[in-house]
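The structure appears below as structure tokens.
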């Protein structure tokens, strides 16, 4: 920087001295107008500003940043409902020590909050969170001695704890004012990754009491219920300005499409994964192939019930494609549900009639939704309702009565 300043000064002085010599030699007695090219400071006007001058100019023009609170996080209720089962599992890992640390941390943050300084609340939370996080990891780490697959549980617990901490940080005004961009990213993670992690932790806990073959179906149903809360178009709590590529929704349409694709594929992948690592699920056979097709058709059917109309509008495709896919996947899932439920261990005299009942209910829903030709539709609805009543009577007749326990001698 100093070298460029010295070079500019030397060039300016050289230009001024040469101009003065030319003026003394070329002067005459005749009066003439001043030539603008004889200005000794003309060279300085065309010199670029040196680096030190630019830095000083930027510092002079810089203004203090005005911090504005974008507003509180609006969706605490749904995040709390999502996190509650997984949080109970994490508290079970930590035990009384983790509960005590959480109580002390909550009390400390509440006391600091009474002082009115939100930045100190953030500092107090971070000070309590770091040892709590380390203790949770230390509580799960010994499970690696039982099985190397518990490393997946370690990753899930770690992600859950970090995202839960991000959710808590969104409650502090100072953090929202200092990091509005990070708040927007955390909100998006809570709407996409957090439901998946909570579902995985709950299914991991259910694996202790349920057969491994049932876990993929339970996983698909639980994640479907949570996605109903998060994939619907929802205004962001922290986004203020929309752009050409993004609107003000929390989850953008491309991310919704990726989430739906992962939802369709993850259930069948989980079934194949458990079939390979869990001996009780058995090797690949005809029933395992039927089971795989059932889970794939089930996830495809459930995905059509999500808020996916925005995806088809974004891609410019007709929504009737989703309707046709819903009927096709529902038909396949209904046709093979009996052998799959039989393999799950469900034993009922009504189980063979379950596909028939599902088909009648689906047809009745279509008939009741049809607004034209009301007389014909009313007749078809009467026939279908009569068929359902007949199935109910058949179920009552085939139900075993007068069951007696064998007398103990």
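The backbone N, Cα and C atoms fix where each Cβ goes, glycine too.
Since we're looking at a predicted model, the values are computed, not measured.
Features of the protein shown, as given by TrEMBL:
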- 18-29: compositional bias 'Low complexity' (COMPBIAS)
- 13-35: region 'Disordered' (REGION)
- 86-111: transmembrane segment (TRANSMEM)
- 123-145: transmembrane segment (TRANSMEM)
- 151-170: transmembrane segment (TRANSMEM)
- 191-212: transmembrane segment (TRANSMEM)
- 218-238: transmembrane segment (TRANSMEM)
- 250-278: transmembrane segment (TRANSMEM)
- 284-306: transmembrane segment (TRANSMEM)
- 327-344: transmembrane segment (TRANSMEM)
- 350-370: transmembrane segment (TRANSMEM)
- 375-396: transmembrane segment (TRANSMEM)
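Of the two recorded stretches, the transmembrane segment (191-212) does not lie close to the transmembrane segment (284-306), with fewer than three CB pairs under 8 Å once pairs fewer than 6 apart in sequence are set aside. Counting only same-chain residues 6+ beyond the ends of the transmembrane segment (350-370), those with a CB under 8 A from a CB of the stretch are 330, 334-335, 337-338, 341-342, 377, 380-381, 384-385, 387-388, 391, 394-395, 398. For the transmembrane segment (284-306), same-chain residues at least 6 beyond its ends with a Cβ under 8 Å from one of its own Cβ atoms are 213, 216-217, 220-221, 224, 227-228, 231, 260, 263-268, 271-272, 275, 322-323, 325-326, 329-330, 332-333, 336-337, 339-340, 343.
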